[in-house]
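Working notes, beginning with the structure itself.
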Amino acid sequence: MTTPASTITKPLPQSDPSIRYSVHSHTNAPIVSGSNPHQQPLLRVHTPPSKLTQIRNLIREPMAEFLGLVVFVIFGAGADAQVTLSTNTGVSPVHKGEYISTNFGWAIGLAMAVWTSAGISGGHVNPSITLALATWRGFPWKKVPIYIFAQVMGGLVGAALVYSQYVRAIDIFEGGTHIRTLATAGFFSSFALDYMSAVSCFFSEFLGTAVLAFMIVAATDKKNAAPPTGLLPLVLFLCLLGLGAALGMQTAFSFNPARDFGPRLLLSMVGYGRQVYTYRNQYWLWCPILASILGAQVAVGLYDTFLYDPTNHYDIAAGEQYLDSDAALVFLALASSFASSSASPSRSSIPSPSFLPRTMGFLPGPADPFFEFMSPPIDETPAQKTARLKRELDAQRINDAIDEEIKQDRANAKKDKKVIKVLLLGQSESGKSTTLKNFRLRFAEAEWEQERNGWRSVVQLNVVRSITTIQKVIEAEINGEVPVDSDDDDSTLDHDVNEIEPLKFNDRHQLLLIRLAPLCGVEAELKRRLGAGSESFVPSAAPLSATPFDEPDASGGTSTRSRKKQEFAVRSWKDVLDPNMRQIAESSTQSLDTITETIAGCKDDMKALWEDRTVRLALRRRGIQLNDTAGFFLNDLDRVASRDYVVTDDDIMRARLRTVGIQEHKLIFKQSPWDNPRSGRQSGWEWRIFDVGGCRTTRAAWLPYFDNVNVIIFLSPVSVFDQRLEEDPTVNRLEDSIVLWTSICSSKLLARTQLILFLNKCDLLRRKLKRGVKVKQFLPSFGDRPNEVIPVVKYFREKFKDIQKQNSPEHRSVYIYPTTVTDTTATATTLETVRDGVLRENLAASQLI
């Protein structure tokens, strides 16, 4: 038998009392080899360790803690990032996982962290538990700073690896490379809910950590009626699950200073700035660190003082701990992770199983249920073993065949399918989303029909929001509030209305407001329903960019935008309109029948309010033109507020549901108009249409989508020549469109991109001109042309075409169409023309025609 180089085997001298036996037990008997009782025992004499070995032994325990935290954060923060970032279609065309995926990510990460370090360092992976063990259980204080430093650095490195993996996706999700908010910081560190006070945050973190630590030491105390080995994991799982459900909502349950502070250090270095520290007056210090440490100290001290039996003490020297089995610890670690993360909305904090002893190994043994499940039967015969191995080989062969078929299908798809990348660009409320609706109505009828019922809630929300807008106007008039500036220039308002005496509202108006009060609750329920399938939020103030090529201007944007309430928005239509997500939403909110019944019951009062002359004067006085806005249905209350209301195509076009971020939709054209029908071959053109946010705060996110783009459909509303941007009231909306169009035309990156211009909202232009608004008052170059729709549209067409000719880096044509995208019939004809023109251009570019 060959022995290691560092071990010399020779007969054991019987007379030398100075020999020290190297054994792995507490007995003093020498190691005896062989079955012959007269065989001379053997002695293993170890050579002195090398310098490298000494260094390795010195850093082995802290390195185990370090790597444990790295593994923990990679699994947990990585899963959190993937699930949340994939809700943005600019990051991923489909949602990668569900909420339960994040829970399993943290649970698996914690299990792997304990498996990595438990047999070497004790698997503390948590400074709070390290300090509690040093205070109450005799853990050496000289190791405490080393352990804590390793744990914090492990959290930092783990977060750095996850951030490196998803940095590009975070840029898209945040809307720019220089934008970093707490929305993505929550992947790595914990932040409390807004309504929590400082005392509440501290108490919540303290109480949660204390209860968890107390239950851990109680459930693992052999002399305190500990459950049997098989039931211990189940008991602790139920306790910790109850703890997470009862206390896990408000502070994200960090439980672990290193898991929170290490990633927070990284956040401050990669662009999140001081907000991660200044948040809630140094929340990072007193909540996830001090509260957690104090909670663990109180819990372990309370248990050791009144309940703990000293004979069951954690003996560091002997390395003994009275626990039933490694399997129970595995299950307990998973239970701890699952309970706390599943109860926390932010999914950014996990308790650590830091109670594992330093000398306990963590290899699966016969008592491990997972080991038992994966092992072959004990009484398996050779014939049964052969049959089992054959079945496994057959299953693997089938799996490989399926994988190969999928791979081949993907290769064929890339070879045969032609993809056209289309961007819908324009300022906010220019009609991009409505244009996308028209594309889907005309060329994706099956999906359109599946989503039709989902728009009913959107239309109802539009109706309720219009009524609540009127209610607020009446309340403002009654309270004598001075009208604020509107988006329209002053000349578009009726000045005589502003100079008349205060409007007189009588008891009838007061009664209408009281009778319509239930609509406030309906609005909240509809928002909750629409927000159940995707993240609903209010966009925060961000730097402004006039074009996607400009550096964001952080000055001046916040104050001007703060005067208006931000609009309810969702990230994705797909989640909101998906039938399965609607069922989930309806199961957790009021039933659809209840909402419809409430709206139907208020129909007559809503009509009376909208048709009231005094109300109309109040709206005009404050510059509010509801009938010119998207999502206006008050003239159709008899139909849309009825109990048997059925959504029409026109309703969907007019419905307003603001989306933020990037929306991606795919359309497949089975055959182009120039395919030879006798060839039997379909061209399989796929259009990937990207609808990007038009607000100046989101234009910095456009740039990544310009790569390899084939077509840009630019929408410029022609009815906004007398209006100003909501996000920056100092800028005229038409001027903004011209600046944006100029930047697109002059970009060398887009020099070979086909440009299509929709001069949109011609219906609103016609309505505005009929009211007597003069174009030349706002555009002196319009001159003495007739103040009619056709001359005005022709004037805009010439201006935009001249801009394209003067600024385009290469000669190319631009296709300009006057549109009213809410008119589905006319728009369908326009889109067919656009489709044929785009395909013709791409075929010519490919030299196929």
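Residue numbers in this text run from 1 along the chain shown.
Using N, Cα and C of the backbone, Cβ positions are placed for all residues, glycine too.
As written in TrEMBL, here are the features:
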type: TRANSMEM; residues: 66-84; note: transmembrane segment
type: TRANSMEM; residues: 104-125; note: transmembrane segment
type: TRANSMEM; residues: 146-166; note: transmembrane segment
type: TRANSMEM; residues: 195-219; note: transmembrane segment
type: TRANSMEM; residues: 231-253; note: transmembrane segment
type: REGION; residues: 541-564; note: region 'Disordered'
type: BINDING; residues: T659; note: Mg(2+) binding site
type: BINDING; residues: N760, K761, C762, D763; note: GTP binding site
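Features recorded in TrEMBL, as mapped to the structure shown.
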{"residue": "N760", "record": "GTP binding site", "Cβ contacts under 8 Å, 6 or more apart": "G426, S430, G431, T435, L715, S716, P717, V718, T819, T820, V821"}
{"residue": "K761", "record": "GTP binding site", "Cβ contacts under 8 Å, 6 or more apart": "S430, G431, P717, V718, S719, V720, T820"}
{"residue": "C762", "record": "GTP binding site", "Cβ contacts under 8 Å, 6 or more apart": "V718, S719, V789, V793, P818, T819, T820"}
{"residue": "D763", "record": "GTP binding site", "Cβ contacts under 8 Å, 6 or more apart": "T820, T822, D823"}
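Among residues of the same chain six or more beyond the transmembrane segment (66-84), those with a C-beta under 8 A of the stretch's C-beta atoms are 95-99, 101-102, 104-106, 108-110, 112-114, 116-117, 121, 123, 125, 150-155, 157-159, 161-162, 165-166, 169-170, 173, 184, 186-188, 258-259, 262-263, 337, 341, 347-348, 350, 352.
The local packing around the residue listed as 'Mg(2+) binding site', expressed as other Cβ atoms within 10 Å of its Cβ over all shown chains, amounts to 20. The Cβ centroid of N760, K761, C762, D763 marks the GTP site; residues of that chain outside this set whose Cβ lies within 8 Å of it are G431, P717, V718, S719, L759, L764, L765, P818, T819, T820, V821, T822, given in sequence order. DSSP classifies K761 (GTP binding site) as coil under the three-state reduction.
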